[in-house]
Amino acid sequence: MDFILSGVAACGACLFTNPLEVVKTRMQLQGELKSRGSYQVYYRNVFHAFYTIGKVDGIAGLQKGLAPGLLYQFFMNGVRLGSYAIIETSGYIHTDGKVSTTKSTIAGAVAGVVGAVMGSPIYLVKTHLQSQSTSSIAVGHQYKHRGMFHALAAIHREHGILGLWRGSSAAVPRVSIGSAAQLSTFSGSKEFVAELQVFPEDSWLIALTAGMISSVVVVLAMTPFDVVSTRLYNQPVDRLGKGQLYKGFSDCFSKTLKKEGLTGLYKGLGASYFRLGPHTILSLLFWNELRKLYQRYR
């Protein structure tokens with residue numbers, strides 16, 4: 001039940017934040033491996049990107065990749081949050097009745113790795129679909145998938161089962177670091193906010209405030225890995241399935257840093273916060289409330 005509740009909570013958040021995921025993906029691919037000023041800027045900031053995508057690709061363009069997005073959130077976060085919930089209820093993350101930062105960070109990272117590996121093929125397809133756009137505003141490599149199932153079948157047909165896990169070398173550090181930052185700060189923040197006694201005991205506002213604190217830490221820790229992950233998943237590949245731009249995680253990280261500087265690794269930071277912030281807040285809030293509801297009525 002922990003796994004199901006966690007998946008449903010993440011899907012609820014995804015419905016609201018998927019347009020921001022589309023914006024974030026496009027901004028992270030814009031000017032890939034090009035120095036500042038040497039490429040055309042289609043998306044100046046989050047709000048301009050929203051306007052441009054809505055105008056050129058239509059309103060539906062802002063919900064590209066929603067199907068794989070929901071599936072990914074259900075399975076990846078179902079496994080991730082469900083695993084963490086089991087670890088949490090077993091008492092592992094507590095030391096002398098208090099949340100241990102070290103233990104909750106390790107637990108969050110482990111839960112994140114399991115979720116990332118399982119959800120990697122769906123994230124690959126989601127990235128391809130969300131980067132696809134009209135040629136006048138296209139950034140990054142453009143795949144020609146007609147939908148989620150067409151994409152999965154095409155990748156499997158061309159590169160086999162292992163081809164579906166292409167880019168997972170970036171997914172593991174991305175999600176494990178993000179998950180460790182999110183879950184450890186959420187548990188600690190929830191305990192801190194509850195001790196302040198600003199809100200009534202068991203109030204949903206405690207989880208909401210803890211989620212807001214957690215989202216800032218997550219975005220700062222995760223964005224460089226998110227940029228690398230998006231680029232590895234979206235890069236063109238040869239007939240053997242090998243990337244034509246990057247050999248792997250460290251190669252992509254170093255090339256981006258060399259060509260675009262530190263700001264290159266933080267491309268789409270605003271979009272990341274506007275997406276990760278609400279998603280973190282909503283998914284953790286829904287997760288917390290659904291668990292409380294289940295405990296009350298089981």
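Positions of Cβ are set from backbone N, Cα and C atoms, glycine also.
Where the annotation comes from TrEMBL, it is an automatic prediction and has not been curated.
What TrEMBL says about this one:
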| type | residues | note |
| --- | --- | --- |
| REPEAT | 1-90 | repeat 'Solcar' |
| REPEAT | 99-192 | repeat 'Solcar' |
| REPEAT | 202-293 | repeat 'Solcar' |
> Under DSSP, the repeat 'Solcar' (1-90) has how many residues in helix, strand and coil?
Replying inline: 68 helix, 0 strand, 22 coil
> What are the DSSP helix/strand/coil residue counts across the repeat 'Solcar' (202-293)?
Replying inline: 72 helix, 2 strand, 18 coil
>> Averaging the per-residue pLDDT over the repeat 'Solcar' (99-192), what integer do you get?
In response: 90
